[in-house]
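Accompanying notes for the structure given below.
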């Protein structure tokens with residue numbers, strides 16, 4: 001057995017080795033990545049420049065857009081390079097570990113950022129008179145800092161044990177990126193601790209984030225249903241509809257990934273689900289918030305009108 005945890009390379013099997021399909025996928029994912037960069041950058045720019053959007057809700061949306069850019073940039077550029085390669089796709093062990101670290105960091109931060117946004121909607125709808133006091137600027141910074149801290153903790157907990165795993169010669173990773181499950185499948189030995197930590201951390205971090213979001217929405221729905229007028233209920237629901245759609249997309253995909261039976265598990269299905277939450281979700285988030293949010297659309301139109309007169 002050859003220990004290859006330093007100074008060597010892994011082989012990424014990628015999505016396909018068919019040259020024609022590689023060219024097609026390269027074009028598709030390049031367009032998706034450009035949409036991710038453009039969409040999330042526009043969201044951040046609009047929030048930063050328009051004074052009407054200087055509120056806690058859009059402060060959290062700004063950071064969600066930042067996380068989405070980080071998440072996609074961790075995965076897609078390397079994927080695009082690999083799709084241009086005709087032969088074996090290799091990645092240095094240190095680069096693989098670095099990519100895995102940032103995948104965990106981005107994923108962990110994303111789910112807790114969505115929980116923070118759910119809490120913000122809970123305070124806005126259930127305690128509107130105390131909203132400004134409860135969601136002070138200092139408290140908002142603490143919430144965002146906590147989301148990044150939880151993502152960092154999740155990443156460190158899962159990355160450190162992998163550094164001690166032994167890999168054999170010509171290690172193949174049956175995936176397009178260095179996600180931990182396919183990486184552990186390629187190891188020779190010493191994976192028990194990493195698998196245990198991955199399971200418990202995913203359950204603890206995932207369930208705590210999900211429960212925070214779920215409890216917030218239970219209170220939100222209960223409060224909205226008490227509103228007498230249909231217009232009032234619609235207005236209340238509209239303020240959190242975009243967030244609800246984004247949360248639904250993320251958690252449904254994660255649920256399918258981690259609860260599907262082994263009988264239906266396959267390399268292709270795992271890659272499809274991974275593509276959904278690491279690439280498609282960062283692309284869809286700014287589109288959903290732009291189309292469903294009247295304030296963002298209004299702010300964007302104001303900026304475009306100003307640019308026309310410059």
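Along the chain as shown, residues are numbered 1 onward.
Glycine is no exception: its Cβ is also placed from the backbone N, Cα and C atoms.
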Would you mind telling me which of 20-47, 160-187 TrEMBL tags as transmembrane segment?
20-47
With the ranges 139-157, 272-290 to choose from, which does TrEMBL describe as transmembrane segment?
139-157
Give the nonlocal contacts of the transmembrane segment (20-47) in its own chain as ranges (CB under 8 Å, at least six residues past its ends).
53-54, 58-59, 61-62, 65-66, 68-69, 72, 76-77, 79-80, 83-84, 86, 279-280, 282-283, 285-287, 289-290, 296, 299-300, 303
At a C-beta cut-off of under 8 Å, are there same-chain residues at least 6 beyond the transmembrane segment (139-157) that contact it? List them, or none.
56, 59-60, 63, 101-102, 104-110, 112-113, 115-116, 119, 197, 201, 205
